Amino acid sequence: MGEKQRKLLVLYASQTGNALDAAERIGREAERRGCPASIASTDEFDPSSLPHEESVVFVVSTTGQGDSPDSFKEFWRFLLQRNLGNSWLQRLRFAVFGLGDSGYQKYNFVAKKLDKRLLDLGATTIIEKGLGDDQHPSGYEATLDPWMLSLWSTLYQINPKYFPKGPDVMIPQDELTDQPKYRILYHKQETLEPELMAESDIIERARGMSPGKLSKDKTKPDCFLKMTKNEVLTKAGSTKDVRHFEFQFVSSSIKYEVGDVVELLPSQDSSAIDAFIKRCHLDPESFITVCPRETENNGSYGEVIKHVPIKLKTFVELTMDVTSASPRRYFFEVMSFYATDEREKERLQYFASAEGRDDLYNYNQKERKSVLEVLVDFPSVQMPFEWLVQLVPSLKPRAFSISSSPLAHPAQVHLTVSVVSWTRYKRTLKGLCSTWLASLTPEQEINIPVWFRKGSLPAPPQSLPLILVGPGTGCAPFRGFIAERAVQAETSPIAPVMFFFGCRNKDTDFLYRDFWESHAREGGMLSEVKGGGFYTAFSRDQPKKVYVQHKIREMRKKVWDLLCDGAALYVAGSSTKMPCDVMSALEEIVMEETGGSKEMASRWLKALEKAGRYNVEAWS
């Protein structure tokens, strides 16, 4: 027999699904070269068994402010244990591929720290870490393609047993060697128990069967919200449409704190769902269960049974994003095998090739083509539903900072949402969730499934002085902070609050103007009397643009005094650059006040961050 077949383990940590996608691609490419690969999320893998692995590829994403995905946190804590020692992983060979965005300060921070820690524990790198960048015209794949080729040739040099078929394999263009990873079982309606399923059970069942489920996501909603108010905050003449939404809990309520985040599952346009079902020749009324293909071999049929069948149309509506997300490159590759028109087949094969990558990016991601639009562009393609279930991007809940306080607004949840729409190549594109919310009225009484979670802005104790920076919709969480302090102030003393707000024009974009100004008056939460202050930057109201960081510099003395009194900094907003600009302004203040160097100021702010007194929540 000789030496046994080598295997590759691919571990991923994904927040939105991109790292999972990249991990699956690495696994597929390894198997095409004859090397069996297993893929697992870092929260489904026991880190104590790492020393027994031979070769592991890590694919990890970094979220905006340098945070790791939730599924990575336990795994990372394990790796940080002091008692592991510098030879714990001496038998392990590894490679790290990171997904990040160079528009942010802590670009690919998670991949970099993982790479360093594995080396500290005695592991050996197969090849230098790869860093995928969202800012690149072709996205992370621009780095992943050459990085993978290098990975295969280096592994082959280490031991040819990895790739019995050699490191450079050509995919046959006329036969699809891959199998879909899921199978669909169709059920006769009569065999179903005529039970009345609660809405939350239907959602839990549909999303529990969906391949798009990222590791241990909660599939059952925490509760449902019903809209009670939909108010436009921006005035006529503004370039933006920002809404204030109010919701009440339906049946059960959830305890939350200021600074928390709520995730909403949006509804897709029903005519688009119907068009997708018609285009794919599916029966919307059929009842289905979706299960991983492995269950055929390993006999765990019980896994399948526990899924109660649901209507195909319901499954598509709740789990498959057919109207707003662009499909991945692999979608085009699989499509090419089902194209019966020669010209379409050639074009799809070109899109799936390395040479066609940039043209695919221009056709697909750059124009933000939806799955439905792509399928309409290639009418000869008839893809089996199994493949669609696997490859159509999953419908994801959208996250928003809560702008209410449970103390000031009992049994309510408020959100401040910018309704997203932009023009690309003469096509008007709209944000799925914000557009849907803006179209709702309280009279419709629609139940919206939601999940609550902690964001990166911890609720502050009332004795903690605050410096808040929240331009645009970044003011949302701070409306909750200040409303909460106003209630607390009625019964006990509270610490001072400085708030820096910014927008384009005072007359059209000044969100919650009356609220802030009433609190800036005598005795209010933001009044000078209370040791605080309210400072505004209207960037377009004068020839030279003025932003929040300029106002922070103007108020340097007061900012420094408050920091010396133990204040915490909170920064929130929808810009990639703003948090960096605010950080630079604060560095300047620290340098000026202490006479120290830029490095010293940077260390001072890092120590503040470590102590939980510098919190940033940014969204793109």
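Quick reminder: no glycine exception, Cβ is built from N, Cα and C everywhere.
TrEMBL entries are annotated by machine, without manual review.
These figures come from a predicted structure and were not determined experimentally.
The FMN binding site annotation in TrEMBL covers Ser14, Gln15, Thr16, Gly17, Asn18, Ala19, Ser61, Thr62, Thr63, Gly64, Asp134. Residues or ranges marked as FAD binding site by TrEMBL: Arg368, Arg398, Ala399, Phe400, Ser401, Gly431, Leu432, Cys433, Ser434, Trp619. The feature NADP(+) binding site is assigned by TrEMBL to Thr473, Ser539, Arg540, Lys545, Val546, Tyr547, Val548, Gln549, Asp581. The feature domain 'Flavodoxin-like' is assigned by TrEMBL to 8-152. Annotation comment: TrEMBL describes 220-465 as domain 'FAD-binding FR-type'.
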For Thr473 (NADP(+) binding site): intrachain residues, at least 6 apart, with Cβ closer than 8 Å: Val242, Ser401, Thr416, Val417, Ser418, Leu511, Gly573, Ser574
Listed binding-site residues (Ala399, Val546, Val548), ranked by Cβ neighbours within 10 Å, top entry: Val548
Three-state composition of the domain 'Flavodoxin-like' (8-152), taking helix and strand from DSSP: 58 helix, 34 strand, 53 coil
C-alpha spacing of Ala399 (FAD binding site) relative to Thr16 (FMN binding site), in angstrom: 12
Cα-nearest neighbour of Ser14 (FMN binding site) within the listed binding-site residues, Ala399, Leu432, Val546: Ala399
Spatially closest candidate among Asn18, Thr63, Arg368, Ser434, the listed binding-site residues, to Arg540 (NADP(+) binding site) (Cα to Cα): Ser434
Rounded Cα-Cα span from Ser434 (FAD binding site) to Val546 (NADP(+) binding site), Å: 28
Spatial neighbours, same chain, of Thr63 (FMN binding site) - Cβ under 8 Å, 6+ residues apart: Gln15, Pro69
Candidate with the highest Cβ count within 10 Å, taken from the binding-site residues Ser14, Thr16, Asn18, Ser401, Ser434: Ser401
